[in-house]
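To start, the structure itself, in structure tokens.
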């Protein structure tokens, strides 16, 4: 799992930061899942090493323009490029009407199938590898955070050890790989866990924006490996955050601390903290690290690989 930040500014783009979009790359299945799609996202994709042709799912947090204005353009470009990949889009219920209006008035004809789902808190998608769920955040309009949870993978099955024990190949290997206890024809009972290496613990990535500090974000982020959380304002501008229902750097850090995440990555920064101003992003980082040490600042085109943990099968 690799996270690539395509836009890390709030509200408007700057010379060094585009508006919101994050790509979650899943190399093992040659897929990219996109989170938010602000204006100019397709340009950012072209400047990165993320392949547009691998986008299969797009998750939209809310209907503010800096999170959706690039969506129809990206879909249209995918169609013109002849991408055969179907795309599933998840977002607030109003997203369906927005896309229909864009398609109607710009007369876009998509050559690939696009499915749009209005979300509600709970599980949105599940397959053999991942579960994606969402929760309601606290913003001026309905906004949803997303949690991507990878399922645990069994450790490597030791075929050589199984052969040495005289276990015949066949369907029984599948049972042992799943950690089941199997009785052999000769009466021996074999615990599959004894033949498997360390379990690969599933990783969890959480994306929370736009929101002021809220219990919904804490609940969604519980025990996460990586929390991507907005930090629009510095702590001294907390009143602005409360007025506009955005987060400060310290609010993001508090969510990370209470939720027990391993890594906090802050994003969605106000342009008021650009270089040359009295307060700068390094100040926001220092504020957050005073509360939660494992904090870093996102920047456009930064890639973060989510580490995998292994634990011994019991």
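Heads up, the Cβ atoms here are built off N, Cα and C, so glycines get one too.
Taken from Swiss-Prot, the feature Zn(2+) 1 binding site applies to 62, 64, 139, 210, supported by sequence analysis. For residue 64 (Zn(2+) 1 binding site), the number of other Cβ atoms no farther than 10 Å from its own Cβ, over all displayed protein chains, is 20.
Positions annotated as Zn(2+) 2 binding site by Swiss-Prot: 66, 67, 210, 268. Taking a C-beta cut-off of under 8 angstroms and a sequence separation of 6 or more, residue 67 (Zn(2+) 2 binding site) has the following same-chain neighbours: 19, 20, 36, 37, 38, 60, 61, 209, 210.
According to DSSP, residue 66 (Zn(2+) 2 binding site) sits within a helical segment. Per Swiss-Prot, active site, proton acceptor is recorded for 66.
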Hey, for the Zn(2+) 2 site built from 66, 67, 210, 268, who else sits with CB inside 8 A of the CB center?
10, 11, 19, 20, 36, 38, 61, 62, 64, 209, 230
Using the centroid of the Cβ atoms of 62, 64, 139, 210 as reference, list every other same-chain residue with Cβ within 8 Å of it (recorded Zn(2+) 1 site), in sequence order.
61, 63, 67, 137, 140, 141, 143, 209, 211, 245
Please report the DSSP secondary structure of residue 210 (Zn(2+) 1 binding site), reduced to three states.
coil
Can you tell which of the binding-site residues (66, 210) has the fewest other C-beta atoms within 10 angstroms of its C-beta?
66
Residue 268 (Zn(2+) 2 binding site): tally of other CB atoms within 10 A of its CB:
29
Packing count at residue 62 (Zn(2+) 1 binding site) (other Cβ atoms within 10 Å of its Cβ):
23
